[in-house]
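**Q** So Swiss-Prot lists these for the protein:
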MOD_RES   A2  N-acetylalanine
MOD_RES   K13  N6-succinyllysine
MOD_RES   S36  phosphoserine
BINDING   R43, S272, G273, G274, R304  beta-D-fructose 1,6-bisphosphate binding site
MOD_RES   S89  phosphoserine
MOD_RES   T119  phosphothreonine
MOD_RES   K121  N6-succinyllysine
ACT_SITE  E188  active site, proton acceptor
ACT_SITE  K230  active site, schiff-base intermediate with dihydroxyacetone-P
MOD_RES   S272  phosphoserine
MOD_RES   S276  phosphoserine
MOD_RES   S299  phosphoserine
MOD_RES   S301  phosphoserine
MOD_RES   S309  phosphoserine
MOD_RES   K317  N6-succinyllysine
Amino acid sequence: MAHRFPALTSEQKKELSEIAQRIVANGKGILAADESVGTMGNRLQRIKVENTEENRRQFRELLFSVDNSISQSIGGVILFHETLYQKDSQGKLFRNILKEKGIVVGIKLDQGGAPLAGTNKETTIQGLDGLSERCAQYKKDGVDFGKWRAVLRISDQCPSSLAIQENANALARYASICQQNGLVPIVEPEVLPDGDHDLEHCQYVSEKVLAAVYKALNDHHVYLEGTLLKPNMLTAGHACTKKYTPEQVAMATVTALHRTVPAAVPSICFLSGGMSEEDATLNLNAIYRCPLPRPWKLSFSYGRALQASALAAWGGKAANKKATQEAFMKRAVANCQAAQGQYVHTGSSGAASTQSLFTASYTY
């Protein structure tokens, strides 16, 4: 027999709901700047910049110190632990710079994947041990939301029922712990684009994954109005020979979400999944314009698809500050427009914005 557990007070629920709504108000999205040291190193290597703490700090300072108008397009920023405690060149904490712009500060909380025994090289996510204590400390340090990424892949045998259930339950436990500590949980069940599967198969798998996630969230008494969902857009595998239009991607994506995601969820903040900057924007715009019911706000939580052009413009040189910040602002504004179905592709995008950002078995 089911029993009610008053896990959250009305005041806690109100705070969580208000934070979630503030992040995605008026087409705003999220900058995912939570890359680990290793992942950031891979990106710096591509522009021939050494992976040092100072170089990582310098690039992120360029992103966070843009004009205050960025707050019209970006409502939240996800930070890595290192970045949360870093300062700009004047000695001001990055998190305080963001807050002064009216941007909500978030933190990456998962600690990467671990092999899931009894499966074909599938994984579960680490980080639940000590999570409550970490959340409590982050809340004291000015953080208002968290992110937890679970990864599933498509192949002949994957994802297995075991992997789906294990990752769904880990996401739900994380979400419950976050809310107990005043953090809005971003729930991120990512189905990787690796493989040669078609769009229809991706939709089938994604519906199974999302249904399991929301069953688990319900089992763990998670307050849906105080959460955000960060799913992949539904696309064919990177090696699939058949190509699909943004409108086809949009129809499959919204259909799957409509079948599985409760209307109580405030917003769906899509990840870019290795698409080029321009494709991520075009697909988001098409999803908004899809002629199907959408009870949730549509938004974005992009990392590579907001930073690729900026990183290329920077090249590790302080003299490129203006070009770097302009490139970042351009993508932020474009995605804010797309989240409201107002983006118009002009065909004038730079080379960096049209380059695929796909990385096999991508990890943060």
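Cβ coordinates are placed from backbone N, Cα and C, and glycine is handled just like the others.
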**Q** Quick one: what's DSSP say for S299 (phosphoserine), helix, strand or coil?
**A** strand
**Q** May I ask which of the recorded positions E188, S272, S276 is closest to S299 (phosphoserine) if we compare their C-alpha atoms?
**A** S272
**Q** Spatially, which candidate from the modified residues K13, S36, S89, K121 is nearest to R43 (beta-D-fructose 1,6-bisphosphate binding site), comparing Cα atoms?
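**A** So, spelling it out, the nearest of the modified residues is S36.
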**Q** Among R43, S272, G273, G274, R304, recorded beta-D-fructose 1,6-bisphosphate binders, what is the largest CA to CA distance in Å?
**A** 16
**Q** For K121, K230, listed as recorded positions, tell me which one has the smallest number of other Cβ atoms within 10 Å.
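**A** Candidates: the recorded positions K121, K230. Fewest Cβ atoms within 10 Å: K121.
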**Q** Could you find out if DSSP has E188 (active site, proton acceptor) as helix, strand or coil?
**A** strand
**Q** Would you find the one among the modified residues T119, S301 whose Cβ has the most company, meaning other Cβ atoms within 10 Å?
**A** S301
**Q** Calculate the distance in Å between the alpha carbons (Cα) of E188 (active site, proton acceptor) and K13 (N6-succinyllysine), and round it to a whole number.
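**A** The Cα atom of E188 (active site, proton acceptor) is 21 Å away from the Cα atom of K13 (N6-succinyllysine).
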**Q** Can you tell me the CA-to-CA distance separating S301 (phosphoserine) and S309 (phosphoserine), as a whole number of Å?
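**A** Distance between the two Cα atoms comes out at 16 Å.
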**Q** At 10 angstroms around each C-beta, which of the modified residues S89, S309 has the fewest other C-beta atoms nearby?
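**A** Counting other Cβ atoms within 10 Å of each of the modified residues S89, S309, the minimum falls on S89.
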**Q** Taking the Cα of T119 (phosphothreonine) as the centre, which of the recorded positions listed as K230, S272, G273, G274, R304 lie within 10 Å of it?
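**A** So far as Cα distances go, none of the recorded positions lies within 10 Å of T119 (phosphothreonine).
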**Q** Within 10 Å of each Cβ, count the other Cβ atoms, then let me know which of the recorded positions S272, S299 comes out lowest.
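**A** Counting other Cβ atoms within 10 Å of each of the recorded positions S272, S299, the minimum falls on S272.
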